[in-house]
Amino acid sequence: MKLAFLCILSTLLRTFAYNPDHIAGTTPPYLVYLKSDYLPCTGVLIHPLWVITAAHCNLPNLQVILGITNPADPMERDVEVSDYEKIFHHPNFLVSSISHDLLLIKLKRRIKHSNYAKAVKLPQHIVSVNAMCSVSTWAYNLCDVTKDPDSLQTVNVTVISKAECRNAYKAFDITENMICVGIVPGRRLPCKEVTAAPAVCNGVLYGILSYADGCVLRADVGIYASIFHYLPWIEDTMKNN
């Protein structure tokens with residue numbers, strides 16, 4: 001009975017916007033679907049040869065897919081699949097922690113600039129509190145969560161202060177290497193989404209999702225690795241490999 005209720009509620013929520021800034025069905029050109037033999041993750045194209053995602057992603061037999069809106073549809077057009085050469089975890093990442101939760105993927109070939117594949121800009125400064133950001137990832141249909149996600153969605157939410165974030169997540173150490181994006185308090189609606197969603201503010205990548213108690217597509221507060229604070233590692237890794 002509970003499962004049937006969640007299925008009906010999920011269908012209704014997918015029909016109507018979760019908030020006035022909800023968008024569905026369009027793939028941001030920097031967004032990458034990371035398909036594997038485990039759970040998928042969301043990635044971001046930051047260079048024609050490089051994708052960034054969260055280090056907590058487990059990606060055996062990885063496929064890097066660009067331009068996809070519905071991973072459950074094998075007939076979707078304008079999809080580009082790329083092999084990868086090597087994966088680089090941040091050297092300080094620990095599975096038991098949400099700190100330093102970043103991973104770089106070097107592709108085997110350069111991705112050509114197109115309408116559905118374009119590298120996002122990296123930040124030159126820290127993102128400000130109250131900045132408006134777009135958070136994008138794929139959602140599952142709660143009527144059958146055993147299938148691939150079938151709905152690409154974007155929600156527009158704001159960066160919150162460290163104080164607000166620490167109040168929302170008292171059990172976590174919210175460091176200067178993190179940003180938090182979302183609405184306090186969260187909505188806690190039933191949901192299942194692909195992890196490692198990016199926070200892109202004014203066309204610039206500022207965060208990669210490490211953790212959320214709920215779903216970021218429901219505007220729940222997410223804790224993100226702050227891309228600005230990891231630029232030295234990102235740039236050194238790309239330069240030396």
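One is the number of the first residue shown, and numbering goes on along the chain from there.
Glycine too: its Cβ is placed from the backbone N, Cα and C atoms.
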From Cys41, Cys57, Cys201, Cys215, partner that Swiss-Prot gives for the disulfide involving Cys133: Cys201
Cys165, Cys215 - which one Swiss-Prot pairs with Cys191 by disulfide: Cys215
Disulphide pairing with Cys57 per Swiss-Prot - partner from Cys7, Cys41: Cys41
Candidate recorded positions His56, Asn156, Cys165, pick with smallest Cα gap to Cys215 (disulfide bond): Asn156
Assigned element (helix, strand, coil) containing Cys165 (disulfide bond), judged by DSSP: helix
Distance, Asn156 (N-linked glycosylation site) to Cys201 (disulfide bond) (CA atoms, angstrom): 9
